[in-house]
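According to TrEMBL:
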REGION    1-21  region 'Disordered'
TRANSMEM  39-59  transmembrane segment
TRANSMEM  79-100  transmembrane segment
TRANSMEM  160-180  transmembrane segment
TRANSMEM  200-228  transmembrane segment
TRANSMEM  260-286  transmembrane segment
TRANSMEM  312-337  transmembrane segment
TRANSMEM  344-366  transmembrane segment
DOMAIN    344-455  domain 'Phosphatidic acid phosphatase type 2/haloperoxidase'
TRANSMEM  386-406  transmembrane segment
TRANSMEM  413-434  transmembrane segment
TRANSMEM  440-458  transmembrane segment
TRANSMEM  470-487  transmembrane segment
Amino acid sequence: MSSRWANCFTDPRGPSKPTGDADMTQTIVDLISQHTQTALAVVFFVSLGEALFLIGLFIPSTVVLVAAGGLVGAGKLPFLPILLLASAGAVVGDALSFWVGHHFKGRLRSVWPFSRYGALIDKGEAFFGRHGGKSIFIGRFVPGVKAIVPGIAGMVGMNFGWFSVINVVSAFAWAGAHIIPAAGIGRGLSRVHSFDPRLAILGVVLLATLLVLYYLGKIAYGFAYPVFDRWRLGRIERRGPSASRLARYETHILSNHRNIVGWTLVLMVAALAAGGFLTLLGNLLFDPELKLIDKAVYNFLQSFRSDAGTRIVTAVTMAADGFVLTGLSLALVAWLLIRRHFRVAVTAAMAVATSSLFVPLVKGIIQRPRPTMLYAGAESFSFPSGHATLSMTVFGVLAVIVASHLAPRWRPLAIGAAIGAALIIAFTRLYLGAHWLSDVAAGVSFGLLVTAIFAFLTRRQDRAIRLGPLLAVLLPVYLGTYSYHLWKDYDRWTVNYAPVPIAEQISPQEWLADGWRRIAERRLTIAGDQAEVLRIQTDLSLSGLTVRLEPSGWTPLAVGGLLETLLPSRVSLAERPAAPLLHDGRRPVAAYAKPGPASDQRLILTFWPSSFQLGPGEDGRPVLVGGLSLEMLDPIAGGYAILEIAEDSQVLSNDLDSLIQSLAPGAASTASSDILLLPKNGAAMIEAPVLDGRWP
């Protein structure tokens, strides 16, 4: 990928305001791309080290190879050298491991440092015994034995020629399994960066964090934990009886007395949930960008609305309506009281009551309007979502009770199911247009906080609860109230949740007089960032647009899907659809193409619906906004290429000025910030926006 396209969405009037994260990410990527030879060496030696006998268990090769593959996909590292060097490193490492086993043979268990890992050697030997020569290939992909099996093969006298064949084949398969998918992700993220820079940064950071945590956990359990366990037991033994409160607390932690470590983690979850809620609240009050994100996500989801989808999602969201969850909560508390589990009953009642009272209280204070008017009173306000809050609270309380009866390894599954159910309910609120994204995120956060506090307060109390009789009561109650609620109110709520027009109605005179100033002058990404300038506004139909644009050399072009843009293809640029760039969460309604300044480039004029329409209801004409971008092909290998979206300020400035002049020949453009108004009825107009010192 050429560096001249690194800063996408530059504008004739100056670049968009950069973010610190974007600058840092670009600096890191540039640093790696400037030291390609070093990156190649790192890939080789990490792949080699990962295959060395025992040593490979400590080498996080997956992190390095996935990162390298991502950079290959982003065009910062060459594909073939990375694949060959990773494979070569794995081949050399396995060959050295084979030599170690062949050289020491049966003495391997008595030679330091191998003598310290007799259990792992036994595990590798058992694996080799089960699978024979196939274990060289299979073991390459199995954590815990992949750095052991080649040495075992040498120790038992496997034929080196046969070993080498399997070694080479498995090395290429292993390297490809890491690098090729990562390259695909890297390609996707580099393209997503054109749609929304923050999504790319978030994706890279999230992927890297998960990989690092995975390997840290693997190292901790495989090696560091036994060392820590010996230190822990020795520390407890040396402490002995002590009058010091701090010493007793340390002993309790080291011995995990009464699961103190687990409950400390629960409190940490509570702190994180509280922090998440407060962060969302603070951003809502003081950061206008959050509202732009909410609006973009709302518009995006509303574009997928359908009558069938509304009916299905309405039924799902009603499963967490107040009537249903109240009935479930009352049944839970009543059963606990009858069975004399008073502490759990009171705590559960307080948890549900806290969430039920907290939501209308905050709504009344913040008074944030909903996307659509559905309720009256405090419920007419939006932040936080009552459905998200109560579903997370009620389902979370039940999950805590159920988890106390499960084996430790299955407890996260119960909690995860509750969180998953709450997230499904949260999504239904977004799809139905009942809430903004930040509303449901805050609701889930507060519900998780209440759930964590409930779990902490009822520790060691809920294990005496008989789960079978409890579920035998709660399931019929829940299904009964839900069924009755559907029978009684489903038709009414299906009508209430019906899609509503999201465009504001204004008259043509208002639009031409001053209403055009209220329309965004830059494309807004799904994260609320400003992208390219939008200098054309029109209420023409698509056929009318085509008639006006074709004399200037613009031809209609289909808008493709996201996968068509992300995936490599051998299709020529002229035969490819336009990239589906979003504006304020809205998909393009039309695109036009024209040859670009170079033979392998094309100019794309894209139109999106704005938030205004001229005239009432379905007869109203949407005001469309148009922006100009440049597309080209970024070749990879074998004739395959990826669609690249970029802007060159001078090229696009000149072409956009020429386009405006051709559409409004009677008006003289005085500045590159002028807006072209192209009404269906009347002559084209060029207006100059009033700048206030901020980005126009």
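Just so it is clear, glycine is given a Cβ too, placed from its N, Cα and C backbone atoms.
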When you scan the chain for residues with a C-beta under 8 Å from the transmembrane segment (260-286), skipping those not six or more beyond its ends, what do you find?
252-253, 366, 368, 383-384, 438, 441-442, 445-446, 448-449, 452-453, 455-456, 459
Can you give the mean pLDDT for the domain 'Phosphatidic acid phosphatase type 2/haloperoxidase' (344-455), rounded to a whole number?
89
For the domain 'Phosphatidic acid phosphatase type 2/haloperoxidase' (344-455), what does DSSP give as the number of helix, strand and coil residues?
88 helix, 2 strand, 22 coil
